[in-house]
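A short write-up of the structure that comes next.
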């Protein structure tokens, strides 16, 4: 899941290896490895769907799941780049807590007049997050202080400031409704809803036929647009490869992949549509995921981050400004930590001193479950996102099952260890 | 005369999808120096790993008979217990530990886990004397040069009471002088009855010390030659499967205007601030010219090149660089690259390649704008570029999606060269461009250099192999102790002349 090429024999005699059928086989093996993680997620979902007697996929629970875990995934996007570039950031949970406190103080306590508007506050908070990232990244990039130490210091510092800001153990709230929409709101239904089979009610007021299910049509439409766009761009990339005379993956594999992904996406979209539509935070997250996939896969800056993580000296001698790039990676992490903090505060409706406490570990775990290497240079955005969802589904599923929180941690720890062991074992075998 | 100490019969080793060795036979007699040669990727290192137990018994077919017993080594410990010690091409020393600590690492003189440092150091001193290394046993490995580190490795082997010493390209990173000393040492060991297997690319060395040569090509034994039959031509023919009439491609130099001038270049050591490493160097390179820089290890050639290339080495750098007559700013690598200067490092694994990424991404790394629009990479254009350079420099791999870490040395070097060719520099500095790569790949690298010169590039080649400099350059600067101590046209240069310039320069420097 972490490399693009298939397993490559170690010896130089590889030159003699025949191409042709082997390419197709290796493409399949590669894809199996790449999709192994997604298959694992699906397996975990099916497992909990069964053990929770169908509660997991209930529309209301799906919305909860997204709202509870989106901040982990948002921060995991930044953490992926940090880890790929060969660093770590332990401060994200504290920074998120601090930003939540800052936002609450600005909106509720401090007399800022027009500046206490949720949108203005959010923008200021994101900027502050970026500045925190820059402050930490500065020491890491230009003074070569190990990121573990700098961000460990940051973890203590910002948790402390967060608590001081809130005046000891108290919480600050309630936050304005407009702000809470970031986490608990749904996209407005501009097209209008559709009642699937209008219920027929008998004289006694009992429904005889029809479920009375209403669908959030804007959600359905957005879902269809996204799926069509996904298929279109996939097809276009394939065509482009073929036009330039390069082998693409086998067509059957492409079709299966596209169909399965689309079906899964449409199923989830349908579930959301039967409830209140897409949560706003899911849309924010989706846009960010797409952006980061694009940046890491297609943009020069993404490529340079991977090169820096793979061999910093070689990258530097290839003309890459590694110090500035490291700084940028940490600024990005700071902004996303701030966004994570806003999402947490919006979900709770208030700022609490313990907001985001320990979440850095969930975020880091998500990235490693997603196949990133602790040595740097290896890791995929989609992997980190799926890793985040695996953590989220386990949290949610075990909570519904009534598993004790203590044991939930044990299970999550084992899953993290298992995923990485599996990954390392796989790589060695290849 | 002597008995057979080692017999490897029909060794076959397969990796997923590849047969690395097929029915290889090797027979070594007691007390001889047996050379194993072959192109990179031919399977020499694999064979030695089978012998030393790195690939444990059961993962290969065939049998190993050592001193009359059939052996099934499960790991390197098993083979070492029988006195078989392998010294790998990449040295396995811990840089921040001392010589004595390294020599007895895992094998310390200790009772109940408490180390007897005096015993360790006394024994280390004795061993160092045997290998002719005059260093304090307490010196940290990081503070001694590669040549001396190699000697420490050999001392470590001696400490294990070695009977069969395997050296995997021991002189690949040594200067001429250190190499000579090492070969002398091998001959001395032979007198003491230690058998050696020497893997090497340097045919003159083999000529000098080997009693027998086994040639391996494409995972098969081609032939074993006795001392009287050893000749460079014969070996080359067997190695590449064709005869190489000329080891250096001929070319018609077409030399133009001066492209690069360096004036009064001085550099101080990055840690020892008082030590001046480069002492006022002046050089020029013309369009279409290949200029060599000769010198011994530690002459400051790499330091000079790296300081020139975006101040990648040293402190308090002073001096002037002119490109086509105009002063340019080379204070960072990106500025140097923008001005059309490229530096191909001597250490491709540490400084040249991202080993965990594939060929395509490595080739375009120094010139990503060349395959992108508005910072968005055009995947198809990148693939086309990678395939183009793969063909141009003849990189042998299954595709451009092969990890560079899995390529042989020669092919890795071609990837690094491709990276810099795609950056389209005016001046190309090549630091030991053929170190550790085989004869066939060397010739290909020389051909690329000749072609670049004919395209009008100005090329600087730093090399410790004097025949190579004499064979491919137009003009040679001789460097010693941070100074240029001689300059000569390649046509009237010779190894003796270069050495004389170095020796005279040494007199001047002191």
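In case you wondered, yes, glycine gets a Cβ from its N, Cα and C as well.
The transmembrane segment annotation in TrEMBL covers A:35-57, A:69-88, A:94-112, A:119-139, A:145-166, A:213-233, A:254-272, A:278-296, A:325-346, A:366-391.
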CB contact flag for the transmembrane segment (A:35-57) and the transmembrane segment (A:213-233), at least three pairs under 8 A: no
Range from A:69-88, A:119-139, A:213-233 with the greatest count of C-beta pairs under 8 A to the transmembrane segment (A:94-112): A:119-139
Residue numbers, six or more beyond the limits of the transmembrane segment (A:325-346), whose CB comes under 8 Å of its CB atoms: 70-72, 74-75, 77-79, 81-82, 85, 87, 89, 91-92, 95-100, 103-104, 122, 125-126, 128-134, 136-138, 140-142, 175, 179-184, 281, 288, 301, 304-305, 308, 355-356, 359
Residue numbers, six or more beyond the limits of the transmembrane segment (A:254-272), whose CB comes under 8 Å of its CB atoms: 31, 35, 42, 57-59, 62-63, 215-216, 219-220, 222-224, 226-227, 230-231, 234, 238, 248, 278-279, 282
